[in-house]
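Swiss-Prot has this to say about the protein:
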- 4-34: FAD binding site (BINDING)
- 308: S-8alpha-FAD cysteine (MOD_RES)
């Protein structure tokens, strides 16, 4: 059988692509080296932020607004356990923060619902938060967080119900191109398609070693908290920048545990074996202490944590482009630790590619040629 589309990597983007392409009537094969959702990539750990006023640059705003529409649609499949939780997101940092300046600019350009607070206003609204006098907060009322593993599980189930073929626990070992399309090699045999999407995440260089993607080991952890830090108490998700420039992110507490991670830093790695479990690097359990001690002093000890990986591009912007010399293969990689919130729209973009539809978005900033 020759498929219309083969998806290599069915985690965040691949699961979405499989669903949207199958729903569009294509004959699709989803593949993954493991059984998604799983612990081997960048999507585990239950939750991921979704921010609209984007500190990484306004080029992302049209994408994230479409992503939010798709998340809302997907959430209707799980109304008892919603995939998107509109907790709000407070972005904290020094008044001269470049990140916060980008957030404010994005909000102004796109007329987003963002409220600016000074230090006293932040601490009056959320007494659990402490910030210096020179800090400001930009509160995104309509943002929140996503249930990442539940989203992937839902997409995969919906795709399967729509007739999508799924080949999991079966790594792709090679990709071949010819005039007739794309062939992938696996331990289970060879499969052919008219087009392919490569969204293999951290280990995409195992298949395409020439790509400018660097895996980085990252950790996040859950710390002892109480009901004051919960969604029920209107405590928001957050990003926070310390005076030294370190960037943190976190979520409202659930079951008396608050999850937090450090966005910058981490350990450069070159193989899956180097991504050692949480606590095998001495600093893992204390990485969030500088933020907790200064901004959330009421949070208690580290309860548990997990390691994941970022697939960083050189400029930490996404790579969304066809494979050089092979216009029938789309790359979606280099998501650099801020990609999950876009998984829905990136999956839709992949499905449009498979149907020979022109994207509704300007993807020029994400081309591979910027690194040449």
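For all residues, glycine too, the Cβ spot is worked out from N, Cα and C.
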Inset, instruction - Express the distance between the Cα positions of residue 32 (FAD binding site) and residue 308 (S-8alpha-FAD cysteine) as a whole number of Å. - result: 17
Legend entry - Neighbour tally for residue 24 (FAD binding site), based on other Cβ positions within 10 Å of its Cβ: 17
Inset, instruction - For residue 8 (FAD binding site), write down the residues of its own chain that are at least 6 apart in sequence and whose Cβ falls under 8 Å from its Cβ; none is a fine answer. - result: 14, 31, 172, 175, 184, 196, 197, 198, 199, 200, 207
Legend entry - Intrachain C-beta neighbours of residue 16 (FAD binding site), sequence separation six or more, cut-off 8 angstroms: 70, 155, 343, 344, 346, 347, 348, 350
Inset, instruction - Enter the number of other CB atoms within 10 angstroms of the CB of residue 20 (FAD binding site). - result: 26
Legend entry - Inter-residue C-alpha distance, residue 20 (FAD binding site) and residue 308 (S-8alpha-FAD cysteine) (nearest angstrom): 26
Inset, instruction - Select the most exposed residue of 4, 32, where exposure means the fewest other Cβ atoms within 10 Å, treating these as the binding-site residues. - result: 4
